[in-house]
Each structure stands twice: as C-alpha cells, then as structure tokens.
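Feature list (source: TrEMBL):
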TRANSMEM  25-48  transmembrane segment
DOMAIN    41-292  domain 'G-protein coupled receptors family 1 profile'
TRANSMEM  60-78  transmembrane segment
TRANSMEM  98-120  transmembrane segment
TRANSMEM  141-168  transmembrane segment
TRANSMEM  197-221  transmembrane segment
TRANSMEM  241-260  transmembrane segment
TRANSMEM  272-292  transmembrane segment
Amino acid sequence: MSYPNHSSPTSFTLTGIPGLEDAQFWIAFPFCTMYFMAVLGNITLLLVIRMDPSLHLPMFYFLSMLAAIDLVLTTSTMPKLLSIFWFRSHEINFEGCVAQMFFIHSFSTVESGVLLTMALDRYLAICKPLRYSAILTGRTIAKLGLAAAVRGIAIVTPLMCMVTSLSYCGPRVIRHSYCEHMSVVKLACGNTRPNSIYGITAATVVVGSDSILIAVSYMLILREVIGLSSREARLKSFGTCGSHVGVILLFYTPGLFSFYTQRWGQSIPAHLHILMADLYLLVPPMLNPLIYGMRTKAIRERVLSLLWQ
C-alpha cells in the first residue's frame, strides 16, 4: 500500500503492547483498576487539602500541584489505552496524537519541576525553619508553580512544532500504547535527526539538572537531620523526606528507563519496554496519594473523618 507524501497524515494506528496482543484484554483489568485508584486518590487529595484550612500550607499546595499533574498524565493516556485493549479501537487522528504527545511530555516535565520545588520546601522546612514562612509565601508558591508549568510548555512546544512539520509517507503504525515522541518520529520520512537531538538534549538537561538539585537538597537535609539532638525529631524528618524520596524514585526510574530504551534499547523486548512505559504513567499517580496519605497524619485523619461521617 502506498501513502501520499504530506506532513499531516489523517491518523495513526496504535498497536498497544507488541507481542502481547492476545493478552491485552486481560491486562486491561489491572490497568483499569490502577487508573480508577489514581483518579480517586488524587481527586480525594485535592478535595481534602481544599476543605481543610489546617492543610493550607506550602507542602500541601505543592502536593496539590502534583495531584493535578498526575490526573492530567493518566487521563491523557489511559482512556485511549483501555479502548485499544478492550474494544480494539487502535486508530487515533493526527491532531489527537499530537495533543496526547504534548500533554505527556509537557506535564512530565512540569512534574519534574514540582518535585524540585517540593525538595526546596523540605530543605527550607528542616534547614531554615525560622525563615520558612517568610520565604514560601503564597505569592512565591504561585510563582514556583507557574515557573514549572511555563518551563514544561516552553521546552515541549518546539518539539511538537518539529513533529508536525515532518512528512509521513510510509506505514502509520505506532508500535506503542500511546503517542510517544520517538515512536511517532520513527514513522517520518526525511531527516529526523534534529528531533532526536532536541528530545534527548531536553530530557537529559531537565532530568539531569532537577535530579542533581534534588540530590544536593537532600544531602543538605541529611546533614541537618543527623545533627538534630532529638531522636523523635530525626525520625519525623526522615519519615517525611523518605516519602518524598520514594515519590521521586517512582517518577524518575521508570521514566528514564522508558525514554532511553526507546532510543537505544533495541535488545530489550518490545513488550517489556511498552509495559514499563505504560506503568510509568500509571503507577506513580496511583501510589503518590497513598504514600502521602499514609505518611501525613493530617491528611490521613481528614480522609478517615470523611469516610466515617
């Protein structure tokens, strides 16, 4: 079959998980359960923080941002993924594919920025407690959130412009469950090297700079916590920071695995790579509310009081 050479194809076909097509119907059930838990958990978190004045603090405002971002990430992919698995609805139009790609990559970048601000929050709370309230005012929190959002959109928008300017003159089957940048670029004709270089550079700079700054902040926190005279204070600080570190690892580890194997992991089975990429957008949004809900007494008590009313 031949295809006309034009830069804006009508649609693409998403395969789902290559090699596991026969099992996708059953895989969809745990995926749907995790998606439901992610949506319910993050909406609950947002409502609880909004309703309880005692939670109107910087840490919880940043947590609200994280919950909102996770809702966008999961909802931009899971409904279409489930329709592929259950109803064999493989086709996605070009505009929808670009929109999905934009939301995935831009909000992943925004989430990285929010995790960095949360590390800053913990650093100030533990290392500069007397200046904490003076530094993290409502205006400062809004500026930090806006900066994370603007950075994410500014970095990803040129990537989307580059994708839409490419010509797609061959088969339009995306061997993935959703529209990931390199999966789409591989279907283009002509020179796609600028897309690859920009994508790799942007991801490496964002993740590299954010993870280094987060690591530095936690090294400073660890040094401060070890010096605390009270054992109870040390345990409380370790507990709070441990939750945040767990969330960071949940976000960065599968994300980096998925990103780099898409480019250089030809020896890794396709179904393993795609499964990891799917779980990257599902497991952290599902676990983040559970981790913070269980570890934060105020949130836990507020949720329990709502359940038993």
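Note that Cβ sites are derived from N, Cα and C of the backbone, with glycine treated the same way.
Heads up, TrEMBL stuff is auto-annotated, nobody curated it.
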* Could you tell me the mean pLDDT over the domain 'G-protein coupled receptors family 1 profile' (41-292), as a whole number? => 89
* Chain residues outside the transmembrane segment (241-260) and at least six past its termini with a C-beta under 8 angstroms from it -> 66, 108, 111-112, 115, 118-119, 122, 126, 203, 207, 211, 214, 218, 221, 225, 273, 276-277, 279-280, 283-284, 287-288, 291-292, 295-296
* Asked: Do the transmembrane segment (197-221) and the transmembrane segment (141-168) come together with 3 or more C-beta pairs under 8 Å, pairs six or more apart in sequence?
  -> yes
